[in-house]
C-alpha cells in the first residue's frame, strides 16, 4: 500500500471538498476594489487541509499498528506433548492425537477432548457470537 496515496485519500471527503472549493474561490475571485486574489486565505486553507489530512493519516496509521500488535499477541500458542516432552508451538500446527496442556485464559481448539483434570467452564461466546456459557465435566 502506497503511503502517499493513502495520505491523499484523506483529502477525498465532503469536508475536504468544501475546503478545496474555498481555496479555488480564494484564488479565482478577487478581493474587490481592483485587488488580486486572496493569497493569504488560499495558503491558510491549504495549510488547514494538509494539517487535517496529516492528523487523520497518523491516527489511522497508529490504529493499524495497534491492531497488528493485538493480532500478533493473540496468535495462538499452545503447550503440546510431543516425543515425550512438553513444548510450546503454534496452535495452527496441531494434529489429531496431540495432547495439549491448558490453563486459565487459554484459547483451545473446539474439538479438544479433556483427558484428565478439574471440570472446565468454557466461554463459547467467541465461537457462537453470543454470551452462551457451558459447563463441561471430565
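Positions of Cβ are set from backbone N, Cα and C atoms, glycine also.
Whatever TrEMBL says is automated annotation, not expert-curated.
Small disclaimer: the values here were computed from a predicted structure and weren't measured.
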Any idea which of 42-58, 59-75 is down as transmembrane segment in TrEMBL?
42-58
State the residue range annotated as transmembrane segment by TrEMBL; the candidates are 12-30, 88-106.
12-30
